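Below: one structure, written as structure tokens.
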Amino acid sequence: MEEGRRGDREAKSAAGWTALSTTKTTLEEKRRLQANGSVGGDAGTSGFRRIVRLFFACMVAGGIQYGWALQLSLLSPYSQTLGISHSYVSLTWICGPIAGFVVQPIVGYYSDRCTMKMGRRRPFILVGCLIICISVMIIGFSADIGRHLGDTKEHCSTYTGPRWSAAMVYIVGFWFLDFANNTVQGPARAMMADLSAGHHGPNVGQSIFSLWMAIGSVLGYLSGANGKWHEWFPWLKTAACCDACANLKGAFFTAVLLIVVSMTVTMYLADEMPLDKQDVDTSGGGGCAVFVDLFKSLRNLPPAMFKVLAVTAVTWLSWFPFIQYNTDWMGREIYHGEPQGTAAKADVYDAGVREGAMGLLFCSVALGVTSFVIPKLCRRLTSKVVWSISNFLVFALMAVMVAVGMVSMRGYRPSLAAGLTGPDPTLKAVALVVFALIGIPQAVLFSVPWAVASEVTAEEGGGQGLAIGVLNIAIVVPQLVIALTAGPIDGAFNKGNTPAFGIGGAFAFICGVLALIWLPKTRGVSNAAVVAGGH
């Protein structure tokens with residue numbers, strides 16, 4: 001009897017998070033009607049036309065991912081040109097985990113209950129896209145704004161010192177950008193589930209979403225690797241904004257254009273059915289109740305789920321050095337550039353950053369290809385073996401990056417002739433190969449942990465909402481740890497990226513062992529890898 005009562009309590013607790021992130025059964029019926037009637041068209045509409053319309057209704061995901069790719073590849077290096085030291089760059093990224101943990105659940109809660117005539121999801125997509133456009137313009141023009149707020153009037157081609165006003169403007173824009181990204185992505189993904197619920201099914205909707213994210217990533221990294229924006233549009237250059245800064249402006253101008261176009265297409269084609277006020281589920285107690293119920297559910301998680309959370313946390317600890325410093329490593333260790341050095345040094349650094357963006361493009365391609373293979377591998381080898389192998393591969397690739405960085409810097413001295421600056425062709429080629437290969441374990445990172453968590457919670461009576469909620473905690477906490485400790489570690493090793501990659505490789509090796517020992521045997525996997533990692 002006691003076991004039965006305990007099982008009831010656990011089932012209720014596990015269902016709590018899911019209940020807060022979904023609507024009543026009548027709403028699910030409306031979702032199916034909406035999919036059949038709006039995007040799907042009438043009964044006479046061909047299946048091909050329905051799927052094409054559904055495809056373009058998700059176009060906003062590509063526009064958002066384009067901007068996210070620019071953020072990942074260009075903003076850590078750019079922040080250092082404004083005077084933010086290498087050891088404090090990680091602190092500018094601390095808003096990511098905060099936004100992912102706080103904004104997404106709250107936006108998801110209220111988008112499920114929105115009764116505007118535009119629909120449940122489109123109001124949040126519209127507002128989020130507008131904030132993203134404003135944010136990227138603030139970032140792109142931060143140097144010019146800082147000059148008007150009191151920064152040096154010396155020309156950017158000769159000035160090598162900090163520009164603190166510009167740095168503060170940049171940080172404000174960066175934080176707004178992260179919060180806006182999280183405002184859009186949750187409702188956009190939920191809308192695809194709404195619109196595909198009838199004719200196509202949720203797997204088709206999520207596949208289209210992932211495909212648009214892949215397209216956005218490839219185009220974004222191509223834009224970041226382009227060093228011709230300042231030549232095509234000379235007016236981008238100002239006394240406060242030289243070549244590298246002007247290239248950043250040009251890339252972000254295209255981001256605004258793509259976001260506006262993709263948002264307009266989505267707003268037009270995704271004809272949502274408005275939600276009636278009487279159908280709104282008001283039993284949750286408000287958006288903040290999401291977090292209360294989530295933490296209550298932690299008390300009744302199955303033991304296997306705690307092991308999944310631990311392995312997930314260590315896995316993400318191994319990845320953050322690469323995610324934050326990938327293009328900076330290419331600019332510093334491989335190209336021997338300096339973001340706040342002389343004009344020649346800054347140009348070399350910028351060339352390395354753009355080469356790193358090209359490497360991230362290769363990474364995205366490898367990620368997309370690998371995502372199609374992962375389900376078969378998981379069914380054949382089990383998910384935990386695939387997860388473990390991916391961590392050992394990260395360990396090997398991080399070791400190669402450490403070795404390449406050390407070899408590149410060993411014979412280099414800044415005081416030597418200018419002919420020694422720039423990359424060694426062989427080392428540059430190896431670095432690009434590493435960037436491409438790391439897309440393979442990244443595909444595992446963005447799919448397998450979610451699938452394992454979903455299976456473990458489902459076996460104990462929980463749901464997808466519970467799995468996503470608790471797994472977010474395991475991702476957010478290590479991000480905060482890295483953001484707060486990366487500075488002191490960086491200072492202890494004289495501002496290089498190589499030690500950070502060494503630490504990441506050590507965590508990857510530990511996680512590879514833990515995955516084999518701790519994780520349960522599961523063979524399922526999510527439908528497609530998510531191209532955008534982290535928060």
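In case you wondered, yes, glycine gets a Cβ from its N, Cα and C as well.
Copied over from Swiss-Prot, here are the features:
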| type | residues | note |
| --- | --- | --- |
| TOPO_DOM | 1-53 | topological domain 'Cytoplasmic' |
| TOPO_DOM | 75-87 | topological domain 'Extracellular' |
| TOPO_DOM | 109-122 | topological domain 'Cytoplasmic' |
| TOPO_DOM | 144-163 | topological domain 'Extracellular' |
| TOPO_DOM | 185-203 | topological domain 'Cytoplasmic' |
| TOPO_DOM | 225-249 | topological domain 'Extracellular' |
| TOPO_DOM | 271-302 | topological domain 'Cytoplasmic' |
| TOPO_DOM | 324-354 | topological domain 'Extracellular' |
| TOPO_DOM | 376-384 | topological domain 'Cytoplasmic' |
| TOPO_DOM | 406-429 | topological domain 'Extracellular' |
| TOPO_DOM | 451-465 | topological domain 'Cytoplasmic' |
| TOPO_DOM | 487-498 | topological domain 'Extracellular' |
| TOPO_DOM | 520-535 | topological domain 'Cytoplasmic' |
| TRANSMEM | 54-74 | transmembrane segment |
| TRANSMEM | 88-108 | transmembrane segment |
| TRANSMEM | 123-143 | transmembrane segment |
| TRANSMEM | 164-184 | transmembrane segment |
| TRANSMEM | 204-224 | transmembrane segment |
| TRANSMEM | 250-270 | transmembrane segment |
| TRANSMEM | 303-323 | transmembrane segment |
| TRANSMEM | 355-375 | transmembrane segment |
| TRANSMEM | 385-405 | transmembrane segment |
| TRANSMEM | 430-450 | transmembrane segment |
| TRANSMEM | 466-486 | transmembrane segment |
| TRANSMEM | 499-519 | transmembrane segment |
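Pairs of Cβ atoms less than 8 Å apart link the transmembrane segment (250-270) most often to 123-143, out of 123-143, 164-184, 303-323, 499-519. Helix, strand and coil residue tallies for the topological domain 'Extracellular' (144-163), in that order: 5 helix, 0 strand, 15 coil [DSSP]. Counting Cβ pairs closer than 8 Å and at least 6 residues apart in sequence, the transmembrane segment (303-323) and the transmembrane segment (499-519) reach three or more and so form a contact. Contact between the transmembrane segment (164-184) and the transmembrane segment (355-375) is absent: fewer than three CB pairs lie under 8 Å, with pairs separated by 6 or more positions in sequence. Here the topological domain 'Extracellular' (324-354) is broken down by DSSP into helix, strand and coil counts: 23 helix, 0 strand, 8 coil. At the 8 Å Cβ cutoff, the transmembrane segment (123-143) and the transmembrane segment (466-486) share fewer than 3 close pairs (sequence separation 6 or more) and do not count as touching. Contact check: the transmembrane segment (355-375) against the transmembrane segment (499-519) gives fewer than three Cβ pairs closer than 8 Å, residues 6 or more apart, which falls short of the contact criterion. The transmembrane segment (385-405) makes no contact with the transmembrane segment (204-224), as judged by fewer than three Cβ pairs under 8 Å among residues 6 or more apart in sequence.
Residue counts for the topological domain 'Extracellular' (75-87) by DSSP state, with H, G and I taken as helix and E and B as strand, are 9 helix, 0 strand, 4 coil.
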